[in-house]
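Participant: Sharing a structure here in structure tokens format.
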């Protein structure tokens, strides 16, 4: 069991500051509904139904990226899931936010603006330093308690995650509670047969380090997505495409090149790379090319190819456990969902312990009608889930544990 207090311990009639993780895919400037809203709505609804005055914090994207937007649209989606109004204020801790907080009645819910629009939020720092920021020092006196429900961001040392538990009684929400217990159990479980990890997605930096750290737990890695392209480049293939209109791929390559080459050198026999990739052909249909036939860097490889999918299925079927972090392609486009869906279907039909992690991958399960019950656990966490596999500490969990019993 976790060593932190939960919302079961929250005093009645509290004004609570609740940290969620509503970070979502953005299409045409609008957030897309996903399981994070559904899961966090359970915590918000429970708090509001109990008569607490509920003020929510969350983030979306990072400054400078296309998905860095206001949370105004998130409030509408969350309200649909909670089943009651969720007011929104385009401010984090200024006068407008403080006035809206002060006016909040019992059972009412308010969402503050994107925490990453606050200068105090993003730079990673120790909790003691974050607790002294103007952001925390201004907001904290307005509340009786702090609730962290953002397990998927628990590996970050951001002000909204690690600062408030040092100055307020702190509790875990339902998502934090259930994800922590599930992922802790995963990290300590032993398996009799082969353990396979499917690695994809666009955020490769955290995963590459974990691949190195999981050397003694994972027997084979099946790669796709950006991580797969990074390893293909290390193997001498001219691949790698721009992400979200930026040079994020090249940034991840430069940041991780030495580690990638080291992992490939030491664990090359355990790492399966794509042998073909899919892209949009001249007629707009899905087209595929063998990796060995790629002779120059081309933007736009959007999925692993059919040969790769077929090659990934047997090791999955032979596994005692399969962990998934990230999608193998741009599954939001049906033309490039084959890799992600094919691997998930192979896992679902295998009698093994299986965990699917990451908000995008769990969204694929919903989009393509897969049965969540066919997997041992479906986590909305990405980076935190990966770190839990290695037993690495999660800063936001550590401060909750340190705050236990403080009321």
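Backbone N, Cα and C atoms are what each Cβ position is placed from, and that goes for glycine too.
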Participant: Can you find which of 332, 334, 345 Swiss-Prot lists as binding ATP at the same site as 358, 359, 360, 361?
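Facilitator: Among 332, 334, 345, only 332 appears alongside 358, 359, 360, 361 as ATP-binding in Swiss-Prot.
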Participant: Can you pick which of 84, 116, 189, 217 Swiss-Prot lists for the same substrate site as 21, 22, 23, 36, 59, 60, 61, 62, 156?
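Facilitator: Record check against Swiss-Prot: substrate site with 21, 22, 23, 36, 59, 60, 61, 62, 156, extra candidate from 84, 116, 189, 217 is 116.
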Participant: According to DSSP, which of helix, strand or coil covers residue 361 (ATP binding site)?
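Facilitator: Residue 361 (ATP binding site) sits in a helix per DSSP.
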Participant: What does DSSP call residue 116 (substrate binding site) in the simple three-state scheme?
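Facilitator: The residue in question, residue 116 (substrate binding site), is helix (DSSP, three-state).
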Participant: Compute the mean position of the Cβ atoms of 332, 358, 359, 360, 361, which form the recorded ATP site, and then list in sequence order the other residues of that chain whose Cβ is within 8 Å of it.
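Facilitator: Not counting the recorded site residues, we get 25, 34, 201, 326, 327, 331, 362, 363, 364, 382.
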Participant: For the ATP binding residues given in the record (332, 358, 359, 360, 361), what is the largest pairwise C-alpha separation in angstrom?
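Facilitator: Roughly 15 Å, rounded to the nearest whole number.
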Participant: Quick check for the class: what is the C-alpha distance, in angstrom and rounded, between residue 361 (ATP binding site) and residue 23 (substrate binding site)?
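Facilitator: The separation of the Cα atoms works out to 14 Å.
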Participant: Roughly how many angstrom lie between the C-alpha atoms of residue 59 (substrate binding site) and residue 360 (ATP binding site)?
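Facilitator: One finds 16 Å between the Cα atoms of these residues.
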Participant: Taking the Cβ of residue 21 (substrate binding site) as the centre, count every other Cβ atom within 10 Å, in any protein chain shown.
Facilitator: 28
